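Only one structure is covered here, and it is reproduced in the block below.
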Amino acid sequence: MNKRAMLGAIGLAFGLLAAPIGASAKGESIVWNEQWKTPSFVSGSLLNGGEQALEELVYQYVDRENGTFRLGGRARDRLALIGKQTDELGHTVMRFEQRHHGIPVYGTMLAAHVKDGELIALSGSLIPNLDGQPRLKKAKTVTVQQAEAIAEQDVTETVTKERPTTENGERTRLVIYPTDGTARLAYEVNVRFLTPVPGNWVYIIDATDGAILNKFNQIDSRQPGGGQPVAGASTVGVGRGVLGDQKYINTTYSSYYGYYYLQDNTRGSGIFTYDGRNRTVLPGSLWTDGDNQFTASYDAAAVDAHYYAGVVYDYYKNVHGRLSYDGSNAAIRSTVHYGRGYNNAFWNGSQMVYGDGDGQTFLPFSGGIDVVGHELTHAVTDYTAGLVYQNESGAINEAMSDIFGTLVEFYANRNPDWEIGEDIYTPGVAGDALRSMSDPAKYGDPDHYSKRYTGTQDNGGVHTNSGIINKAAYLLSQGGVHYGVSVNGIGRDKMGKIFYRALVYYLTPTSNFSQLRAACVQAAADLYGSTSQEVNSVKQAFNAVGVY
């Protein structure tokens, strides 16, 4: 939740420009990836398959359109089915990973939608003509151990200034990495650590010469959670939050230990809140109290983290039918009092982590309901689109968290507004916030694609360019005139349903802004009809911020 991320990053491999939506001779709506000259979103009546397996529809369509996709071989040999589900509208949604001789192609995924036996949409970019890539013919000369050593040494020299204590070792896999119109054999190395500063770095190391092709910090990759639940009776305690407001919270009483614990057994697999005790070891100790009265000042951050995690769970369940962040009722774990004066909050892949702030720039981060909603939405994104935390896909990742963090705030009706982090940012300055969805320029963020940040700081502007999508979401909900474009608002509820459907069922790891527009248009058509006002409003909202 930094106002500006301080870490730079090399540009992501995928071309982020896409041509405006067009129509093929067959009546299909197509968005093109400008760099690779391949479709990144196709919708329409693509192919009817009768009684055959649904994945065969996708293989047949891609093979039929081989002149467009140019995979250089049979689709079934190049696309591996990695997931299949039925959504709320009865569509079958399948996700495929592109592979080359069995090696995954970094960042590629194809999401396919089948309705009543007919293929109606494909989203995601594929890399063409890999057989003709000369760099892929070079022999692998770098070992896994050497790649990991290169990444850790670079972290030491450029990030931590001392050798970090890594967690669970490094995770490394061999990939095909597309970059600058070419593709290379590379290692994807994940280096995770909590000290001396938290980091979750992704490195792309050329497997033929050891060069660092890309690197970025992404604090949301998988790592195991810790801490054990207690057996006992569900109870209701009372506490005071960071802002001094009283809250009733679900707790557990253990007669064996004689304590009350911040363990909520009423939601999914439980909500657990831990005391980090100003250290940097996770998860810490399950929060305890002797009388079920969590009213001490030290309790405040834990009270809010626990209570607001329950609100976020309820929002996703009651509004979107989603059971916890993974859709399967995963336990929600939060640690407060992480480090000393730590000015951040993050999702680490298995749990939430909240710093106390320094008291001047930030209050304890769990005191902002939109902050809690924001960070837990990163977990939802982690389990759905998996948006790469860099450049436009990273800005979409951040915008989704802002959008749903704000919608959670409205759901709870706790002084809701369109500002982000206003409750915990600069407590001595009235009316200040981290970002604004209604007026991104208020805090120096762009509100139109023509004003986007194009540098490498902040992972390519993930916290900056999110303002463009935030403004589109605000306009879609509330309506208005922006840069001379009139938008008819459809309300928060419909806006949220459209963005949720786009996130969960259409976006893929390297989706850019144009693909997000296409995904939202298709989501609105799915929900409200292709000729509906909602579809028109989505188009108006993205037109208003210059995204086509």
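Just so you know, glycine gets a Cβ as well, placed from its N, Cα and C.
Fair warning: this is a prediction, and the values are worked out from it, not measured in the lab.
When Swiss-Prot records His374, His378 as binding Zn(2+), the matching candidate from Glu398, Glu419 it lists for that site is Glu398. Binding of Ca(2+) 2 is annotated in Swiss-Prot for Glu409, Asp417, Glu419, Glu422; the matching candidate from Asp370, Asp382, Asp458 at the same site is Asp370. Of Glu398, Glu409, Tyr425, His463, all annotated as recorded positions, the residue with the shortest Cα distance to Gln293 (Ca(2+) 1 binding site) is Glu409. Listed in sequence order, Gln360, Thr361, Phe362, Asp432 are the same-chain residues at least 6 apart in sequence whose CB falls under 8 Å from the CB of Thr426 (Ca(2+) 4 binding site). In this structure, Glu409 (Ca(2+) 2 binding site) is part of a helix by DSSP.
If you take the Cα of Asp291 (Ca(2+) 1 binding site) and the Cα of His463 (active site, proton donor), they are about 42 angstrom apart, rounded to a whole number.
Ranking the binding-site residues Asp370, Glu398, Asp432 by other CB atoms within 10 A of the CB puts Asp432 at the bottom.
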